[in-house]
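Straight from TrEMBL, the features:
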type	residues	note
SIGNAL	1-20	signal peptide
DOMAIN	29-89	domain 'VWFC'
DOMAIN	94-153	domain 'VWFC'
DOMAIN	155-218	domain 'VWFC'
REGION	287-311	region 'Disordered'
COMPBIAS	296-305	compositional bias 'Acidic residues'
Amino acid sequence: MYPSMLLSCILLVLLGTTELAPAPLDDLSACVNPFTNETYKDGDNWMEGKCAHCSCDQGKRFCALESCKIDCDPKYLVQKEDRCCPICVPPPPKDCIDETTNTTRPHKSNWKPDACSSCTCEHGETICATQDCAPVMCKDPVTPEGECCPRCVTQECWDRESKSYYKEMDKWTMSDGCTSCFCFMGSPMCMSPGCALEECDEGVKHVKVKGICCPVCENKLICEVEDGRKFVEGNRWQDDDCKVCKCTKDGIQCNNPIYEKDQCDSNFVQLNQKCPKVCLNASKLRKEEKQQEGENEKEEEEEAEVNPIYP
C-alpha cells in the first residue's frame with residue numbers, strides 16, 4: 001500500500017470515530033443534536049433536517065415538526081429537496097373557445113363577440129357580460145353601426161310629465177305653473193324662476209295657490225281662464241286670439257294689443273309664442289283700460305237703478 005493511501009485511511013478512521021463518539025458535556029444545561037453531534041447552549045434554536053424545529057431548555061432537547069398546509073390537488077404537489085413541505089405546481093391555464101369565430105382565446109384575454117357583449121377567458125371558462133342601454137326618449141331611435149345602444153337622430157325631447165314629444169327649441173311649461181322647459185339637442189332643459197315676494201297689506205299673509213308659481217297675498221283676486229291657467233290680480237297675458245288680458249278686481253279684461261314699438265313707453269314683450277310682441281305700457285293702452293273701467297262702473301250704476309235696494 002502506498003504511503004499516501006495509508007494516510008487517507010487513518011484520517012477517515014479518525015473522522016469517523018469523532019462523529020460516532022460525542023464529546024462529554026461540561027455544561028449540563030447544554031443539548032446535543034444526535035444526528036450531527038453538534039452542541040447547543042441553553043435557549044438555542046436549530047433545525048434538524050428540513051422539518052424539525054428544535055430548542056434547548058436546561059439540557060433537554062425539544063423538537064416540533066413543521067405543519068404543512070396543502071390546498072392543492074395532490075396530483076399537482078412537487079417535493080423540493082431543500083424544503084420540508086411540498087409546493088403546488090398546477091398545470092398551465094386552459095384556453096377558451098370563441099364560439100363566434102371558432103378560435104381559441106388565451107387565459108385572461110378579453111374580446112367583444114358583438115357590439116353589446118364583452119368576454120373574458122378564465123382558466124378555460126368564457127365569462128361574458130352584456131351592456132345595458134338607457135331608455136331613448138324619441139320616436140324613431142337609430143343604432144349606429146358598431147355601437148350597442150340606439151340614439152335619437154331627430155333631436156326630439158320626451159316630456160315624462162305630459163308624455164309628449166317636443167321638437168328642437170320647442171318651449172313648454174310644466175303643470176306646476178312655474179317650471180319652464182325647452183328642447184335642446186334631444187334633452188329637456190328646465191328651470192324654475194326665483195320668486196320676489198310682493199308686499200302685502202298689514203295683517204295679510206302670503207299663501208301658495210295651486211297653479212300659480214309664486215306665493216301671493218291671500219287677499220289678491222285669482223283669475224282662471226278656460227284652459228285652467230290661473231293669474232293673480234294685476235297679471236297680464238295673451239289669449240289664443242292674441243288679445244292682451246288682465247286680471248282685475250272686476251274679473252278678466254281683454255283689449256286689442258298695440259304692436260307698434262314706437263308707440264310703446266316700455267315693456268315691449270312677447271307673452272304668447274303664437275303672437276308677435278306687444279306693448280304692455282302705452283298711453284293708448286292705459287286709455288283703453290280706463291275707458292273699460294269707466295264702462296264697468298256705468299253698467300253697475302245702471303243696474304243699481306234698474307234693481308234698487310230698499311231698506
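Including glycine, each Cβ sits where the backbone N, Cα and C put it.
TrEMBL: automatically predicted annotations, no manual curation.
When averaged over the domain 'VWFC' (29-89), pLDDT in the model lands at 90.
In terms of DSSP secondary structure, the domain 'VWFC' (29-89) contains 3 helix, 24 strand, 34 coil.
Secondary structure counts, DSSP: the domain 'VWFC' (155-218) has 0 helix, 23 strand, 41 coil. DSSP labels the residues of the domain 'VWFC' (94-153) in these numbers: 0 helix, 25 strand, 35 coil.
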